């Protein structure tokens, strides 16, 4: 956009979750509470793992990085959404929009690969306990983590290039509460079918690839837990995997709904689906992946008693 020989940065307007005035303050209170619980749960879980030597295992190594990704991509979305609800200033600069979407794509994609790494870890622990130490050595854990962020970084660059690579015209009103690919592409002046196809293919590769690995790993764990030669400890593995699969289903289901359907089918339900993986999932993950585990409960109790004794 040129004005008087100078170039001005485009400004977008986020329409938000709702345009109903009376609903904005209650929604602000609700989402603020969710965001506080998200930060407290995930940061608390990371600190607990770091200060507890008995939790320095591959499972909790991946869990701390998963919690870190939860904190990061929740923080990319929630503070802007909260200020929009409270103050009504829903504008966002072009650079801000690009940065928000890129960081969201980075950490959301990293979560998919970290979930796959966590599922593989559980499969190795339950199905191949004698080879577990070698399969999940510290070097192997760091390699899996590096791969997760490498794949996420390359994917995020591609997503961002496809979404913001064209020109924008008309009223720059994004019908969403954050800068997401679909609502942004609807504002483009040029033909976006190529960009939409590229985003669809990349989302399918990341989502379906990691999703199939997760289902295969947990499927083998459940088969071992229910088998005639299952050890007593595998009953706990069955309960753990069942809760993990429930969380994975919500996360992947809402992602697939958003990114693996034709652009013509997107509508008002997109905002509801987006709330699941941007707001609710990061809040619930510490409880599902952490506080349901007996090791975490024991470590939490020990830390609590230590604090009480010092007081």
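Glycine residues also receive a Cβ, built from the backbone N, Cα and C atoms like all the rest.
Record features, source TrEMBL:
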TRANSMEM  27-52  transmembrane segment
DOMAIN    41-289  domain 'G-protein coupled receptors family 1 profile'
TRANSMEM  59-78  transmembrane segment
TRANSMEM  98-120  transmembrane segment
TRANSMEM  140-159  transmembrane segment
TRANSMEM  197-221  transmembrane segment
TRANSMEM  242-260  transmembrane segment
TRANSMEM  272-291  transmembrane segment
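In this chain, the transmembrane segment (140-159) lies close to the transmembrane segment (59-78): three or more C-beta pairs between them fall below 8 angstroms, excluding pairs fewer than 6 positions apart.
Within the chain, the transmembrane segment (272-291) has long-range Cβ neighbours (under 8 A, six or more residues past its boundaries) at 17, 31, 34-35, 37-38, 41-42, 44-45, 48, 63, 66-67, 70-71, 73-74, 77-78, 104, 108, 118, 176-178, 180, 243-244, 246-247, 250-251, 253-255, 257-258, 297, 300.
If one looks beyond the transmembrane segment (98-120) by at least 6 residues along the same chain, the residues whose Cβ comes under 8 Å of a Cβ in the stretch are 59, 62-63, 65-66, 69-70, 72-73, 76-77, 80, 92, 144-145, 147-149, 151-153, 155-157, 159-160, 163-164, 178-181, 184, 206-207, 210-211, 213-214, 217-218, 244, 248, 251-252, 255, 277-278, 289.
Mean predicted confidence for the domain 'G-protein coupled receptors family 1 profile' (41-289): the pLDDT average there is 86.
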